[in-house]
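Straight from TrEMBL, the features:
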BINDING   Leu20, Asn27, Lys156  xanthine binding site
BINDING   Ala128, Asn129, Gly130, Glu131, Ala132  5-phospho-alpha-D-ribose 1-diphosphate binding site
Amino acid sequence: MDELKKRIREEGIVIDSDILKVDQFLNHQIDPVLMQHVGEAFAEAFVQSSITKVLTIESSGIAPALMTGLKLGVPVLFARKKKPLTLNTSILTTQVYSYTKKVHNSIFLEKAMINSEDRVLIIDDFLANGEAAMGLVRLIEMAGASVEGIGIVIEKSFQEGRSKLDRAGYAVYSLARISSLADHQVTFIDND
Ligand code: G4P
């Protein structure tokens, strides 16, 4: 997605050769028009998959997921990282390992929100090691629903996540694929 790559090039800040800061439009301040275009791109990519629900994880996945759900005309569900007081009915939960923080965290969904008829599209802001995406896959499979695809705004292709999801057989569609963040430069896989 050229518009997204341009914003990454112009506003992204490379931190530590493996972390990209995009707080101007995705992770802190959110650009609604860019997110609308992101949602349109995901909807176009998965329009043939008869999606019934979009699933993401709080917090930065919510904006792109919401715009995708709006365009596809389906509800958007987000996994919680803390069990809220109101989530005291039947829940689905799994552990997600964070490579950046070196800890396991539980994520939660209310069971009633998803059922075996659902055809689910996972959306997330970043794909690094794929742990969050695989956690969402497990929650969907616990509900007996199907994973129809995974849409990622920014994929760091030099980390494990993409190959992990490919090996597991999921259809991954990333709008910007970064092959390297070395020397404080963002290099995209298709080199444009
Ligand atoms: P993984 O899920 O792919 O295995 O990723 P990892 O554990 O390494 O990353 C944990 C958190 O860091 C996730 O956000 C993920 O989106 C974010 N992250 C990973 N790489 C980058 C990066 O290069 N830049 C930025 N900006 N974020 C990155 P989170 O902790 O769940 O935060 P949030 O969704 O509440 O913002």
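Glycine too: its Cβ is placed from the backbone N, Cα and C atoms.
Note that TrEMBL annotation is computational and uncurated.
In the three-state DSSP scheme, Asn129 (5-phospho-alpha-D-ribose 1-diphosphate binding site) falls into the coil class. With respect to their backbone Cα atoms, Ala128 (5-phospho-alpha-D-ribose 1-diphosphate binding site) and Leu20 (xanthine binding site) stand 11 Å from each other. Remark: of the binding-site residues Leu20, Ala128, Ala132, the most isolated position is Leu20 (fewest other Cβ atoms within 10 Å of its Cβ).
Rounded to a whole value, the Cα-Cα separation of Glu131 (5-phospho-alpha-D-ribose 1-diphosphate binding site) and Asn27 (xanthine binding site) is 18 Å.
For the pair Leu20 (xanthine binding site) and Gly130 (5-phospho-alpha-D-ribose 1-diphosphate binding site), the Cα-Cα distance reads 16 Å. Around Asn27 (xanthine binding site), a 10 Å sphere centred on its CB holds 16 further CB atoms from the protein chains shown.
Sorting the binding-site residues Asn129, Lys156 by the number of other Cβ atoms within 10 Å puts Lys156 first.
When the alpha carbons of Asn129 (5-phospho-alpha-D-ribose 1-diphosphate binding site) and Asn27 (xanthine binding site) are compared, the span between them is 18 angstrom. Sequence-ordered, the extra residues of this chain that approach the xanthine site, with Cβ no more than 8 Å from the Cβ center of Leu20, Asn27, Lys156, are Gly12, Ile19, Lys21, Val22, Asp125, Phe126, Ala128, Ile154, Ile178.
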